[in-house]
Ligand SMILES: NC(=O)C1=CN([C@@H]2O[C@H](COP(=O)(O)OP(=O)(O)OC[C@H]3O[C@@H](n4cnc5c(N)ncnc54)[C@H](O)[C@@H]3O)[C@@H](O)[C@H]2O)[C@@H](O)CC1
Ligand SMILES: Nc1ncnc2c1ncn2[C@@H]1O[C@H](COP(=O)(O)OP(=O)(O)O)[C@@H](O)[C@H]1O
Ligand SMILES: [K+]
C-alpha cells in the first residue's frame, strides 16, 4: 500500500525499485505506472490545453515519453523537446512507444519538466539550464515530474543559481528529502505522490503524523496533569512567553523560577524566587524547560549545569544550547529534548563534534551524542531521536518567522513533556503540530504573544 508519509533517499528509492523488480516488475512496467500516474495529474492541470514535455536522457525522461504518449492518446496537443537521446533501455522503449518526433522549441500552456529526476549528479550545464528556463518562460503552468531538474534529491540543495518555480511537483513512488527540505521545497508548488507499488519500510524517514491529543482524565488534578518548571534568567520576557504558552499546552501547573522581577506575569502563573536547588528538589516536578532568556554568563552556565545534573525530563532551548557541553549530559537517564534553530544547531555541532555534516547527518549525530531528542527548527522542522526514523514536519506558515515564536514552541514542548503520556519525541511532535496549528489559526502578521492566544483553539483541533 502507498505510504503517504515515507521519505526515501535516492539509494533507498533504488533499493525499493529493485525489490519491486525482484518481485516481477520491470523498469518499463514501473515507468508505465509512474508515467500514467503523472499524466493523470498533468491532464487535470492542462484541462484541454497544449502541453510541452522536456525529456532528458535517463528514466525521468522515460517518464516524460510515457506522459506524452498517454496525453496524446487522450487527444491533447503534446510537443516533446529532447535535447539528449534516451540512454536507458526503458527510456528508449518509452520513446518508441510514443512514436513522435521531438521539436527544438515549443510554446503553450503547460510545461512538464522530465529532464532529470533522482539521477541528477551535478548542476545543469549552461545549455540545459537555458533551455529549461526558456521553455518555462514560454508556458503558463509548470509541472515537475518526480523532482524539479537541478536540485539534489537527498539534501534539498539547489544546484543552479536560477531555476524555474513550479506550480506542481509529482513525486514518483515515494517522497524524497528534497520534497520537504529547504531550499528545494520552496520551488515545488503543490506536491502530489503517485503510487508505483513501493511498500512501507518502518526504518525510513517520514513526515510527522498529525497527533491525537486527549482531554484530562476525569479524576485529573493539576499535579497529575504535570508540573512544569520554567527556569528564567536575565531576559524575563522570553521565559514568560514560554511559560504562558506552556500553560495552554496540556500541563496542569506551570511555575516560573527566576531571580528577576516579572511584572507582566499573569495571575495564574506561579513565579518562584527561591534558590534553584530548593526549587528543583520538588519531587512533584514532571519536567523542566531551561534556556529562553537565560543569558550566557557564568550564572547561566551554573544554572544549566545544576539543572541537567538533577536528571529530570528537560527541554533545552535558546541560550542553553550555546552553553550545553557533553559533560553536562553525561550519566543522565531522564529524557532530554533540545530545540535548535539553524544557528544553534551549528553551535551544538561545534560543542558535540558534529561539524561539516549536512543537516540530516548533523541532526542524527547530535541526537546520538546527547542521547536525546533534537528538534531542528525552521521552515523544514525535523525531529530525531537515537534509533528512530527522522521525522519532518509538514511546512507551517512563514508568519512564524517572528521573534519569540521559538520560546512559544519551547514552552509547548516542555508542557507536553510534563504531561508525559508519550515518548519524548512523540511529545516534541505534538508540540510542533500545536505550534503550527496555532499559527495557522492566528492568520497573518501575528506576534509571539498573539500566537499563545490561539493555542487552546489549536488544541481543540487535535482532540
Ligand atoms: N528506476 C526505476 O525503476 C524507475 C525510475 N523512474 C524515474 O527515473 C528517475 C531516475 O532515473 P535515472 O536514474 O535514469 O536518472 P535521471 O533520469 O534523473 O537522469 C540520469 C541521467 O542523466 C545523467 N545526468 C545526471 N546529471 C546530469 C547533468 N547535470 N547533466 C547532464 N546529464 C546528467 C546521468 O549520467 C544519467 O544518464 C526518477 O526520478 C523517476 O522519474 C520511474 O520511471 C519509475 C521507475
Ligand atoms: N519561514 C518559516 N516558516 C515556517 N516556520 C518558521 C519559519 N521561520 C521560523 N519558523 C518557526 O518559528 C519558530 C522560530 O523559533 P526561533 O528561531 O527559536 O525564534 P525565537 O528565538 O525568536 O523565538 C520555530 O518554531 C521555527 O520552526
Ligand atoms: K524532473
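From the backbone N, Cα and C atoms, a Cβ is placed for every residue, glycine too.
Here TrEMBL has 377, 378, 379, 380, 381 binding AMP, and the candidate from 349, 353, 404, 406 in that same listed site is 406.
Take the K(+) site that TrEMBL assigns to 60, 149: the candidate from 40, 89, 113, 125 listed for it is 113. Ligand 2 lies under 6 Å from the Cβ of the following binding-site residues, listed in sequence order from 59, 378, 379, 381, 406: 378, 379, 381, 406. Listed binding-site residues: 113, 121, 378, 379, 381. Those with a CB atom under 6 Å from ligand 1: 121. In this structure, the binding-site residues that sit close to ligand 3, with a C-beta under 6 angstroms from any of its atoms, are 60, 113, chosen from 60, 113, 379. Neighbour counts of Cβ atoms within 10 Å were compared for the binding-site residues 62, 378, 379, 406, and the top value is held by 62. Taking CA atoms as the reference points, residue 379 (AMP binding site) and residue 118 ((6S)-NADPHX binding site) are 23 Å apart. Using a 10 Å Cβ-Cβ cutoff, residue 341 ((6S)-NADPHX binding site) registers 16 neighbours.
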